[in-house]
Number of protein chains: 2
Amino acid sequence: MSSQAEHPTLLIPGPIEFDDAVLGSMSHFSQSHVGPPFVATFGETLTMLRKLLQTSDPASQPFIISGSGTLGWDLVAANLAERGEEVLVLHTGYFADSFADCFETYGVKATQLKASIGDRPQLPDIEKALKEKKYKLLTVTHVDTSTGVLSEIKALSELVHRVSPETLVVVDGVCSVGCEEICFDEWKIDAVLTASQKAIGCPPGLSISMYSGRAMEVFKTRKTPPASYFASLKNWLPSMIHYYPFMPHHANEVAVMQNYEAKKPSYFATPPTQLINALHTALTQILSGSLNERFAAHREASQRIKKTVTSYGLKQLAEKPENQANGMTAMYLPNDLKAPEILPNILKRGVIFAGGLHKEIAARYIRFGHMGVSVTDPKRDDIEKALKVLKEGLGDAGYKAE
Amino acid sequence: MSSQAEHPTLLIPGPIEFDDAVLGSMSHFSQSHVGPPFVATFGETLTMLRKLLQTSDPASQPFIISGSGTLGWDLVAANLAERGEEVLVLHTGYFADSFADCFETYGVKATQLKASIGDRPQLPDIEKALKEKKYKLLTVTHVDTSTGVLSEIKALSELVHRVSPETLVVVDGVCSVGCEEICFDEWKIDAVLTASQKAIGCPPGLSISMYSGRAMEVFKTRKTPPASYFASLKNWLPSMIHYYPFMPHHANEVAVMQNYEAKKPSYFATPPTQLINALHTALTQILSGSLNERFAAHREASQRIKKTVTSYGLKQLAEKPENQANGMTAMYLPNDLKAPEILPNILKRGVIFAGGLHKEIAARYIRFGHMGVSVTDPKRDDIEKALKVLKEGLGDAGYKAE
């Protein structure tokens, strides 16, 4: 495909390299957003999203909305919390600060539980915090894109359900959905929010969420209306059900919605039809294989990368192995080198890495994203190439990686 | 291009048919959203947006954000108005009701000035309303996609500036930007919001806005913070300036932002890189010719269509010629025929029209979108084909169009 020809290999923690077929779907001919062919595509995409997140509970509700991953925070803050309520934000880097800002925008009081750079809040501290105050919900960044720190969701959710069972468990999975295991039902998660352009492998422009039946119940029993218009689940819910004709339990609503369409359409806003076609292709590819094998492939590639960069003498921000994400590696530069000195050396050899994003240490580290086809497609040698040019790029700056 | 092969011609009032080159840009290889090539593309796209809206005032500020057209309402409601303030919403159909809902969500009091179906509020009534109460801003739907009613912006803005000069003039241009003339500076407009998938001719997924210097000043002197996080101009502004290195007056800010990028990136949320590449292609095509000729071509096609459907015995919702949009035609079905009876006849002949969207009369009318390449590309015969199959589709239902 000519659009893919000759370009630097993009190995930042999102957007990632996209498969040819996914990019081909981006140029799908124009479709009516309310016509049967697109409705079928959208419906199948919502169904596949359930499979990716391993939820078979019919009460779970998927949402796919035009927007950045950031929009998923507004969905949570404007729909699951109300003005004056308290939420607990677990901090592992840049993205917790921003999520907390988002809550404050809607008048929700966000308490952050912080860990030092490269670490994550520990369960006993979280337990203590949950016992001190009643929180409407708790948020955790599954993988913090700014630091490469992985949080453990299963044990965390068990803790919350044991200590503060009414607190909703909200997972920011922007940099984890598609490369880290998430068992939505089994782990009793209440909301996962993510974006298209990372491990799912679809170009940016989609905010993707899954809400549990319990979360939807909390939303439906709000005392005040949702605090946003574009990010109101109330506005999006009818169209998600309308586009979702494949679950038997929705049969009644669908009948209503189909009728609704003929008379009073369930339209809220025009969905991004091409992006949803591309997401359909990406999810079809992911689900054509085993999810467990996919997660294992990411773990194996990550181990290989982390072992190699360690052999180069580079230290990760996430020092403890259990804190290390499987879809990206954030590593300090040696010898006081700065990211703006190293990244151009790597680019001229055909690979794009990302600079730092944690404001205190941004210039001192670089980030290597290893998600999606760069890891899973055996025809690609992206990872080996990247490890090689990283070594060469450091060499250009006078650092000899052994 | 295979992705374009054999599909029904989409002639709804958006999404429209897209040019091959625009669709080709949708499958652009993956790019870093903060790398120089994409920054250049985004910057040029913002510059072209100024040209499309005919603003050369350096204080005007463009915004291109991942989202539906609807998001543009949140941008206005959450940034230009504050809780408790009053706004005047001119009503020409479905979209004014929704815009008013959006204001109410943010605690802004929206007064609607309504006209009967197919008509628009008249200037003397607007003058009266503006004299009765002080409004922070007034909104007008340039073309109401639900009714095909065109509003006159120039005279309206003159009236507002004369009678209530502090009231901001906000134009919902979702169904007008790219096919109806808009002189942002000359007409003293304060905000235009639109979407990508209508007359601009780029797939859906972009919320596109232009704010005047005066509007930005109102925003910057708010007493309360913006009422949304994802839709906060405060969050988006730095990244828009960052991506906008081509205007000399921004030289200082750009220097700050470039430095910022190296140390503390100006990142707020990942822009939809493929969609912005496609928008770049679409705007390049539009600006390669004369804007006035483009608007004239839409007027001529619209006249031809309206004359032909009138000859078929169909009446438009917008009866008065001065109320009729140039990029779409909304027409009542004859003989008590209903849209669900007629649209399938038309589809089986290869054309997709839209049903009604005005809740009181949805089944009684259909909508024909005639924007973009279907009008301007001489290699296409979309319009002639559509007029022919409309006649045949009515014939199938027993109505003989002469």
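Placed from the backbone N, Cα and C atoms, the Cβ positions cover glycine too.
Per TrEMBL, the feature substrate binding site maps to B:R367. In three-state terms derived from DSSP, B:R367 (substrate binding site) belongs to an extended strand segment. Using a 10 Å radius centred on the Cβ of B:R367 (substrate binding site) and all shown protein chains, the other Cβ atoms total 23.
Annotation source TrEMBL lists domain 'Aminotransferase class V' at B:30-215.
All protein chains included, B:K198 (N6-(pyridoxal phosphate)lysine) registers 30 other Cβ atoms within 10 Å of its own Cβ. Sequence annotations record features per position, and here TrEMBL assigns N6-(pyridoxal phosphate)lysine to B:K198.
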Inter-residue Cα distance where the pair is B:R367 (substrate binding site) and B:K198 (N6-(pyridoxal phosphate)lysine), in Å: 14
